[in-house]
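Encoded as structure tokens, the structure appears first; notes follow it.
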Amino acid sequence: MASSGRRFLIKTIAVDSSSSGEGAALAWSWLYIFALFLAYYILRPIREELGVAGGVRNLPWLFSGTLVAMVVANPLFAWVVRRWPREKFIEITYRFFMVNLLIFMLLLALASPQDRVWTGRAFFIWVSVFNLFVISVFWSFVVDVFNAAQARRLFGFLATGATTGGIVGSAMTSGLVDIVGQGGLLFISLILLELAVYSARRLSVISDAFHIPAEREEAHRPVGGGLLSGISNTFSSPYLLGIAGFILFYSLTSTILYFNQASIAEQQFPDRASRTAFFANINLLVNGLTLIVQIFLTGRIIAWTGLALTLCALPLMSVAGFSMLSIYPGIVVFVIFQAIRNVSNYALTRPAREILFTAVTREDRFKTKNFIDTVVYRAGDQLAAWSCAGLLAAGLSMSGIAMVAVPLSVAWLALSFWLGSAQQRWERYR
């Protein structure tokens, strides 16, 4: 059985059998991201339900609160990164979020109906911060562990851990929400974060096996640098600024699609349980399709087409999808577009965009990447949320707003090709 699993890793996933520790490092990385996404996909439908419960008109304020929280949290995270080595600051970060989950369990259990609305808004903001931070930290860690060649071979399969976690989390939420309630689901997520901490610790130890002594010594030192170096480095490098632009375009278009989702859910599903199940079922559909692509196609597509064309897949899908949504608005077109876009994102774009960070310094992998993944991402949310609110107030329909996303997606497509080409040049001439 063990030999069969090893052959699968070598043939399907392209694990290097001659590299000491690579298979074990991949396995612990997979468990690490599986635990994170399982926790997040348990929390995500709860966040969506609580966000919609306050009314779609309040979503721009929730996105504003999220951006403020990100701006406050980012220098605090930079301080932790500067002071402690990676395995320690990962433990501190995740256990901080575990304490937060305990607090929300108590608040949701004890809150009156009116207080529950405000608790729900706080929870919406918290989950929006939580998911970007914990996932950004994970990818920073594995980019620090694996080199560019390993990333091309392994990151596609590694992303299956995220997808599998999403599938299991969506199914658990849909099946257990009426049995254990939202508080019980929060407790399950807390346990999963502890599993992520343990996996990160094991990965840190095992990764030493395929690094030279100088790399091992550097890996166990604090990253150092200034509290605001992530911000300054972003704006001083055209390459990093390009990555920030890529994330900004993704965030803008995602938020426009999110407003369509919230509007459809509010119109089609009158009660909280049905809305939670609807969101969970969409997640289940997306993750099932994504898993198939990730296992058998992602690594091969990146190898066959190159990084530049792989990065272009999501913007191209967005051009087509928003065009269709502007002409044929409604739940059927939305679900099809959401499924195709998210499959393209999780199976191709996310692994590919993380490869971009193999071409930057260690400080940029942790600080600049975290700034881009969190503050820049949520700034895009903020810009799109208030733009959507303003356009709706001016009388534009959701289909009209979808049309606005088409030229944004075209610009995103051009930037994606430039970024992928720049990383490929770096790898060729380094």
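Positions of Cβ are set from backbone N, Cα and C atoms, glycine also.
In TrEMBL, annotation is done automatically, which means it is predicted and not curated.
What TrEMBL says about this protein:
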type: TRANSMEM; residues: 21-41; note: transmembrane segment
type: TRANSMEM; residues: 61-80; note: transmembrane segment
type: TRANSMEM; residues: 92-111; note: transmembrane segment
type: TRANSMEM; residues: 123-142; note: transmembrane segment
type: TRANSMEM; residues: 154-173; note: transmembrane segment
type: TRANSMEM; residues: 239-258; note: transmembrane segment
type: TRANSMEM; residues: 278-297; note: transmembrane segment
type: TRANSMEM; residues: 309-340; note: transmembrane segment
type: TRANSMEM; residues: 400-420; note: transmembrane segment
For this session: Quick one: find which recorded stretch in 61-80, 123-142, 278-297, 309-340 has the most Cβ pairs under 8 Å with the transmembrane segment (21-41).
Result: 123-142
For this session: Go through the chain and flag residues at least 6 beyond the ends of the transmembrane segment (239-258) whose CB is under 8 A from any CB in it; none is fine as an answer.
Result: 59, 63, 233, 311, 314-315, 318, 322, 337-338, 341, 345, 349, 353, 356-357, 359-360, 364, 368, 372-373, 376-381, 383-385, 388, 401-402, 404-405, 408-409, 411-412, 415-416, 418-419, 422
For this session: Decide whether the stretches the transmembrane segment (61-80) and the transmembrane segment (309-340) have at least 3 CB pairs under 8 angstroms, with pairs required to be 6 or more apart in sequence.
Result: no
Problem set entry | For the transmembrane segment (278-297), sequence-distant contacts whose Cβ falls under 8 Å of one of its Cβ atoms, 6 or more beyond its ends | 12, 41, 44-45, 48-49, 156-157, 159-160, 163-164, 166-167, 169-171, 173-174, 265, 268-269, 335, 338-339, 342-343, 346-348, 351
For this session: With a Cβ cut-off under 8 Å, give me the same-chain residues at least six positions beyond the ends of the transmembrane segment (123-142) that come close to it.
Result: 29, 32-33, 36-37, 40, 43-44, 46-47, 50-51, 62-63, 65-66, 69-70, 73, 77, 86, 90, 93-94, 97, 100, 104, 108, 155, 158, 162, 193, 196, 200, 203, 354, 357, 365-366, 369-370, 373-374, 377-378, 381
